[in-house]
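Colleague: Sending over a structure as C-alpha cells; questions will come in a sec.
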Number of protein chains: 2
Amino acid sequence: MTLEGRFDEERGVVRVGSDARQRYHDSRGYGYPLEGNEIALAPIEAAHLLYRGDLEAVVDDATGERLTFREFVAREPGAKFGVRFLVYADLRSRGFYLSPAAEPWVSDPPTGEADFAVFPRGKGPGDGEVEYALRVIGERTDVPADELGDGVLAVVDEESEITYFEVSRRDPTGASVADASLPNDCEATLLADRVVVWKPPLSLYETTFYGQPLEGREYDEPTLQLSLLEAAYLAERDAIDLEPSTVRERGREVEGERFERRLAVYTELRERGVVPKTGYKFGADFRTYAEVESVENLGHSELLVRVHPDDYVFEPRDLALDVRLAHGVRKTMVFALVGETGGIDWWSLERLTP
Amino acid sequence: MTLEGRFDEERGVVRVGSDARQRYHDSRGYGYPLEGNEIALAPIEAAHLLYRGDLEAVVDDATGERLTFREFVAREPGAKFGVRFLVYADLRSRGFYLSPAAEPWVSDPPTGEADFAVFPRGKGPGDGEVEYALRVIGERTDVPADELGDGVLAVVDEESEITYFEVSRRDPTGASVADASLPNDCEATLLADRVVVWKPPLSLYETTFYGQPLEGREYDEPTLQLSLLEAAYLAERDAIDLEPSTVRERGREVEGERFERRLAVYTELRERGVVPKTGYKFGADFRTYAEVESVENLGHSELLVRVHPDDYVFEPRDLALDVRLAHGVRKTMVFALVGETGGIDWWSLERLTP
C-alpha cells in the first residue's frame, strides 16, 4: 500500500500517518516522529519519497489538490530546492541517510551554512552521530570566504552533475632547515621585477632553497636569481645588500596590494619551516615543501597555495579548476586568506567521493 | 682571443670588428653583417655573448667605460630586457638560433607582437626560414585578446622559469548526428536554473546527447534534465514546449551577459557538428565531442572551451592554469572570443617544449 501525505503549512512540513513512522522514519531515516505513528517530512524528504514512488501524493487540504512528484517540484519555490533535491537523492542512492541541518530532525544541528546533516554510513538521525555538515550550492552561487567552514560543500553544475569538496582548516607545518644559516649582505642587483645575487654561498640555494641558479655559466661563481618575494624576505634578514623597503616598493609597483599579501604568506610559511616556491606553472601562488634538507634530495611538493584577501568571494568554477588541478598533480589545494592586519586563515579543499 | 664591442648609439646596436663576422654571425647566427668583417649585435645578443664569456666587454666611447655582463645588464633599461634575455639564453642553450623580429636581422620579420624570430633547428638568420614568431612576457604582463596571434608565447615566471605556449587559430569541426532527428514540443518545466523534460524520446539523450537523465527512477519513462543553454537551443528549434525568449531571459537573470556569449558558442559548436557539454569539472565552459553517434559509444572529449568577450584581457597565470589542466586530462584548451555582433574567434593554446 502506498501512502499519501498532507501539507502542514504551519510547520512547513508534510505529515504522513498510518505506519509511516516504522516504514519511513525508523527503518529508512526520513523525517521526525510526531504523535502516534505519524511523522513530519521536510519538503525535500517528501519530494524524494514521491520521486521514489514510496509516497503516492501529497494532498493540499485547502484546495483539495493531490500533488505527484512533478506538481510538487513545480510548486516548491526557491532557487535552492532543485539543487538540494539532486544532492539529497544522490547521497540517498549512495546509501547515506541525511536530514535537514535543523531541529527537530537532528538534536544538535551543525552551525554555519549547512543544509544537511549527513550520518555515518549505516547510521541514521536517531543515532546521535553526524558524519559531516553538508552545504549545497549551484555552480553559479558565489561563496564569500567567511562562509567557509569545516564540512562538505556540494556543487551542482549546470547539467546537474555534483562535485563534493571536503573543506577543512589546514595550518601548514614543516621541518625545513632554519634561517640561522643565512649568509650576510650578499651583493645583489634589483632588476625590473627580479633580483640577481652575484656570488652567494652555495648553501643559499642548495640547503635553504632560495632562488634559482642562472644556468649555463659554469665558468663562473654561481649566480642566483631571486623572486621579489624571496628578495624582500632575505633583505629583511640582511642576507642580501638591498634595502627591504626598496624591494617591497618594487613589489607593490609591479603587483599592487597582492604583493604584501603574498609576502605575509611567504613569511609565515618560512617561519613554519615550510619552503614556498612559485606555483605559477600550476596557476597558484606557491607550491610548498615541508621538509627541505637539500635541493638535491628535494621531495614532492605537498601543497598548492593560493593567496586571497579574507573578504574574497570564491566562484565555484574557479574552485573546481584549482582543486582538480591540484588533485591531478598529487597536491592539496590550500587557500591562505589574509586579513587587514596580516592574520592568515588556512583552508584546504579536496575532492571527496562519498 | 676574446673580442670587445663598442656601443653604436645611433643604430642602438653593439658593433664588433676583427673576425666577428665569421666567429659570431656566420657560424653561430648572432647579429647582422656590416661592412668588412664587422657585425652589429642587438643588446640582447651582446648580453648573451658577454654572459658566455665570448665577448670580453662592451666599450662606451663617450665615457670610456668598459662594461662586463653585470654592468651591461644593470645599464639596460626597460622591464622587458631581463625576461627577454632569459628566454633568448634558454633557446640558445637548447640549440636554437634566434634573432630580434626586425630588419635587418631577418629580411621578412613576423608581424604582431613578436620579440624574436626563431629559426628551425640547424638553421640560422641567413637561411630564409622562420620556425615561429616568439613573444616574451613576464607572468605579470596582461595579454589583451586582440594581441593573440599565431606563434609561440614564452612566459617567464617570478622565479625565472619559462613556459612556452603554442598559440594557433583553431576552428572546431565535427561530424556528430545532426539535429534533423530532434523531437517536437516535448513537455518541459523551467525550474530555477535548469529545465526538466518529462517524457522525451530516448534518442534526445542517447543519440544527440542533450541533457542528463534523472537517475534512480527506472520505474518510469526517462526524465531528462537540461541546462539552460541546452534548453534555450532546443526551445529555439521547437524540440521542447518552452518559449525560447523565456529560457534566455532566465539565463540572463542567473548569469548575465555571459549567458548570451555562451549560447552563441554553444550554438556555433552544435552547428559545426560538435557536441558541447558542461566543462564545469574542468573549470571551463564546455568540454566537446567531435563525433557523437551515441552516448553509449561516447569517445574521449577533445577540447576544453572557455568563452570570453573579444575585449577580454588574459592573465598569464590563468592561462597557465587552464592549459596545464587541459594537458593533464589529455584535452586541448580552446578560447572562444565572442564579438559584440556574435562573431567568434577560436584560439588554441598548448604547452610546447622547444
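Glycine is treated like the rest: Cβ placed from N, Cα and C.
Predicted, not measured: the structure shown is a model, and the values here were computed from it.
Reproduced below are the annotations present in TrEMBL:
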type: ACT_SITE; residues: B:TYR289; note: active site
type: ACT_SITE; residues: B:HIS300; note: active site
type: ACT_SITE; residues: B:LYS331; note: active site
type: DOMAIN; residues: B:10-72; note: domain 'tRNA intron endonuclease N-terminal'
type: DOMAIN; residues: B:187-243; note: domain 'tRNA intron endonuclease N-terminal'
type: DOMAIN; residues: B:259-346; note: domain 'tRNA intron endonuclease catalytic'
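I'm curious about the neighbourhood of these features; can you describe it?
Modeller: The Cβ neighbour count for B:TYR289 (active site), using a 10 Å radius and every protein chain shown, is 22.
Here B:HIS300 (active site) comes close to B:ARG330: these same-chain residues lie at least six apart in sequence, with C-beta atoms under 8 angstroms from its C-beta.
Note: B:LYS331 (active site) has non-local neighbours B:PHE282, B:ARG287, B:SER301, B:GLU302, B:LEU303, B:LEU304, i.e. same-chain residues 6+ apart with C-beta under 8 A of its own C-beta.
Residue counts for the domain 'tRNA intron endonuclease N-terminal' (B:10-72) under DSSP, helix first, then strand, then coil, are 21 helix, 16 strand, 26 coil.
Mean model confidence for the domain 'tRNA intron endonuclease N-terminal' (B:187-243) is a pLDDT of 88.
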Colleague: Tally of helix, strand and coil residues over the domain 'tRNA intron endonuclease N-terminal' (B:187-243) according to DSSP?
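Modeller: Helix (H, G, I), strand (E, B), coil: 14 helix, 12 strand, 31 coil.
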Colleague: Determine, from DSSP, whether B:HIS300 (active site) sits in helix, strand or coil.
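Modeller: SS state of B:HIS300 (active site) = coil.
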Colleague: Per DSSP, B:TYR289 (active site) is which: helix, strand or coil?
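Modeller: Assignment for B:TYR289 (active site) reads strand.
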